[in-house]
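Written out below as structure tokens is the structure these notes cover.
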Amino acid sequence: MNPTGICCCRCSLCIRSTAYLGHSLSPLSADKKGQVENTKPGRALVGECEETERPVNSSSGIISKDMDEVDFDPSAPPPFKIADIRAAIPEHCWVKNPWRSLSYVARDLVVVVGLIALALHFDNWMVWPVYWAAQGTMFWAIFVLGHDCGHGSFSNNPTLNGFVGHILHSSILVPYHGWRISHRTHHQNHGNVEKDESWVPLPEKTYKNLDYSTKFMRYKIPFPMFAYPLYLWSRSPGKTGSHFDPYSDLFQPSDRKYVVTSTVCWTLMLVSLFCLSAVFGVMQMLKIYGIPYLVFVMWLDFVTYLHHHGYEQKLPWYRGQEWSYLRGGLTTVDRDYGWFNNIHHDIGTHVIHHLFPQIPHYHLVEATRAAKSVLGKYYREPRKSGPIPFHLIENLVGSISQDHYVSDTGDIVYYQTDPNLNGSHHKSKGQ
């Protein structure tokens, strides 16, 4: 054994491990703590030959039998450029058809109105829970179409995108421009610990300064699944500003008029809901709109969290010169949602969307299929879902219970777990 803890027999394991240490510990800290924090998790160097190295599923504790994964380091700079991926995608996948986009809007709005009519017609407690689940899912589908407007993948006409985006997002209490601008920041900085905007990991110092109630709400199911409205108002811990405030540090001075417009539209929708509640009753509006809205929020937090977390192997986050647009985008994860793929406009086909958000949602599956030959192992094939994606609940719970913070130092970091979060806090107080 040499001082690094890797054997010197020159077996293939030693050669690969030495090469790994050479490029991904950037730069190696002189102290032992720095070496541990920056070492890639999920690799157990437990012996002196290749047969003893196995990749570990850090979310579930299951040891993978796929030895091909042993050779692959997801934090290694990819051997291809983003232009190579772009060239592999067929030309027609970049074409935006506004009529086709509007047809999806019409489809979803017809379903929303139809569900309301059916629920009011039957008006019994056997129908209402089905209505809530279905209508909340349709609110989420409407959000995705407004999301396409924000990216400009809905059409090449900014006026049409802005008009449709405001109608769709205001109807589900999302400030269109405020969200659009912060979401653009997320895409431009995906995978960057310091600059990302959506479900970004907390540095260890920030995490440890949180009070226990904040940690509980952020890391205990089901509470994180209701985080989105709070995020719109006050962003994430460690960040300041609001999606409704034109002077927030989220925005540039040139953005302010857009933020004001969206905040006014949001306010008009909220006033309309209060007026409808006065006419039809609070309980009726709660059944028709309020509970579906909560289901929509759960869908949004569930899907967006799993875009960037909960993969079977922990994936890297970057800082400084180690980050690039391509490397950050390659840490996103595709998911299969079964029957819901079509309903929510293939939002689970997320890797290519993150790299090329201008591709319309109806071309994402084909574009992904074409790009796989370039991406190779940097593309993680999603686990096939049944009609309802129950399998993703395990990924969600496993990640939220273990992915708490990242090191304050290091340019390639991985989530770490707070062992005191899961129950020991109260035990220690009672002793």
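The chain as shown is numbered from 1 upward.
Placed from the backbone N, Cα and C atoms, the Cβ positions cover glycine too.
No curator has checked TrEMBL annotations; they are predicted automatically.
Values in this document were obtained by computation on a predicted structure and should not be read as measured data.
Per TrEMBL, the feature domain 'Fatty acid desaturase N-terminal' maps to 41-117.
Look at TrEMBL and you will find 125-380 tagged as domain 'Fatty acid desaturase'.
Per TrEMBL, transmembrane segment is recorded for 104-122 (among others). Nonlocal intrachain contacts for the transmembrane segment (104-122), taken as residues 6+ away from its ends with a CB within less than 8 angstroms of a stretch CB, comprise 128, 131, 134-135, 138-139, 141-142, 145, 164, 168, 287-288, 345, 362.
Feature annotation from TrEMBL assigns transmembrane segment to 258-282 (among others). For the transmembrane segment (258-282), the list of distant contacts is 166, 169-171, 173-179, 181, 243-246, 248, 251, 288-289: same-chain residues at least six beyond its ends, Cβ to Cβ under 8 Å.
Per TrEMBL, the feature transmembrane segment maps to 288-306 (among others).
Across the domain 'Fatty acid desaturase' (125-380), the prediction's mean pLDDT works out to 96. Taking Cβ pairs closer than 8 Å, the transmembrane segment (288-306) reaches residues 116, 119-120, 131-133, 135-140, 143, 172-173, 198-199, 222, 224-229, 273, 276, 280, 333, 335, 337, 344, 347-348, 392, 395-396, 399-400 in its own chain, all 6 or more past its ends.
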